[in-house]
Amino acid sequence: MTGFDLIVIGSGPTGSAVARTVADTGPRARVLMVEAGPRLAGTLGGSVRNLVGDERTAAEAASEIPGEHPEASGPFARPGARSGTSYISNGRSYGNPFSGMPAAVMSANVGGLGVHWTGACPRPGGSERIGFLPAGQMNDLFEEAERLLHVTQDAYPMTQLRSTVERELGNVFDEGRPRDRRVQPMPLAAEPTPSGRPRWVGTDTILGTLAHRHPRFELRDCTLAERLIISGDRVIGVRLRDLRTGDVTKVTADAVAVAGDPFRTPQLLWASGIRPDALGRHLNDQPQIMCGIHLDPALLDGEFAASTAEHEREMLSGVSWIPFHEPGYPFHGQIMQREASPMGFGDTADGDARPVVGLGCFTTKEIRAEDRVTFSETETDAFGMPRPVIHYELTARDHAAVDRAVEIVLGLVSRMGEPVPGGAPTLQPAGSSIHYQGSYRMSAADDGTGVVDPEGRVWGFENLFLAGNGVIPTATACNPTLTSVAIAVGSGRAIAKQLET
Ligand SMILES: Cc1cc2nc3c(=O)[nH]c(=O)nc-3n(C[C@H](O)[C@H](O)[C@H](O)COP(=O)(O)OP(=O)(O)OC[C@H]3O[C@@H](n4cnc5c(N)ncnc54)[C@H](O)[C@@H]3O)c2cc1C
């Protein structure tokens, strides 16, 4: 067996944040990162959204997981999964788009979903925040996560179109809100460029110098962590399978961080015989309402409408944010430039020059222990790991929240213009948010309600850490990656400290 100080399993944003934090603060730690999927074109962990043409198509195809695209079946036919992702096949057909999370996806590639994402990085507010973590400590972690992700509100230029959208939304929502929770440009993990279209941040940016040749960091792609090797309350190593050759090796480590997403992190623990009752439970995603709006030209000045064809930059509406704010708006609103939106929302008629924006409204999900992922004792997934089975239902409270959100969205649409054909506000199938959380959640105490402690360490283990959206214990409506990267930074610091001693 060869040995490392730290093995990180999964190369998405949270695994990358753990590796980078340990490398920056740790005592010359040697870090191995393993990733089940392949390295894609471009820089290590670079966003595929910065690639163009065939290179982008090839990178997105390489991220998909063979054998994880079951044909749509039953009365509810699923559309194709979003580029670069694959549906979790879940071993069943779907009769209801809101039962069992039929739209849940995953990726397997260096950078994980973090090379396909939209980069929205709002801070959570009110009850979205984790009450048992001190606010000062959490704000410090948010700042570091924002630094690693290059978060900015200036990724898009301030155009007339964008200021019109934000003015109209502000007129509806801003009254009575503190300044930091008013309508504003979405904080994005993206960098401005002279064209006005941003360069998107992938895990290359999070990894920093680790994304280039680094003497103390190794990344093995197409390498599956298939078992954690346990001795008492310690993980002493990981059994790895090279998916290109089939070779199996064992690698020892002083600490292990699993950052494999809210389905595959519990899968690896379960396969390794670590099965606390909370593992896989409290699974939640954010019910998501989408619509497309033709903006009313009367909101914009005439000169602007005449000059749009010549001024592509002026047509950028960017991404705007209606922050979660209780009690009036316990939702998260995201108004997006059409091309920046990862979801379709209706069609525009040929020759219709009116600007179009997409509006996504996310609600919180009532958290219940019975919403969970379990694993089959007999069936395996495309990687030969125990097949996940998702049990998931919307409650009466969830439907009421959705109804209220749809009402608010309809009001916005009529104030700002009209829906594009086929773009009326619609609740998307469960799992569409790609913001799955809670399946190995954090708890303040080892009382059976959580899987990890506030530093991300598995309760009862000395040196096993989990990272990713699965640690988030609260019902959130905002995009979760900033929060899970912040928590991963905290785990990285705890690991570095532990390695020192
Ligand atoms: C189109 C799209 C848009 C999105 N937009 C946003 C957004 O605007 N804001 C936001 O906050 N979030 C967004 N997300 C979600 C965001 O990408 C995820 O929250 C984030 O990537 C989670 O990071 P992660 O590191 O926890 O996991 P992932 O990015 O899922 O990475 C996990 C990696 O671990 C690997 N892995 C799993 N198990 C094993 C194993 N046993 N052995 C080896 N490797 C393993 C997987 O192959 C995968 O590559 C979006 C996602 C998509 C697809």
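Positions of Cβ are set from backbone N, Cα and C atoms, glycine also.
What you see is a predicted model, and the numbers here were worked out from it, not measured in a lab.
Look at TrEMBL and you will find 59-80, 176-201 tagged as region 'Disordered'. Summarising the annotation, TrEMBL assigns domain 'Glucose-methanol-choline oxidoreductase N-terminal' to 221-287. Under the heading domain 'Glucose-methanol-choline oxidoreductase C-terminal', TrEMBL lists 372-488.
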Residue list, the region 'Disordered' (176-201) vs rest of chain: Cβ under 8 Å, 6 or more residues beyond ends.
47, 49-50, 117-123, 125, 146, 149-159, 162, 166, 169-170, 312-313, 316, 318-325, 328, 334, 339, 481-482
Reported mean pLDDT - the domain 'Glucose-methanol-choline oxidoreductase C-terminal' (372-488):
96
Reported in the order helix, strand, coil, what are the DSSP residue counts of the domain 'Glucose-methanol-choline oxidoreductase N-terminal' (221-287)?
8 helix, 30 strand, 29 coil
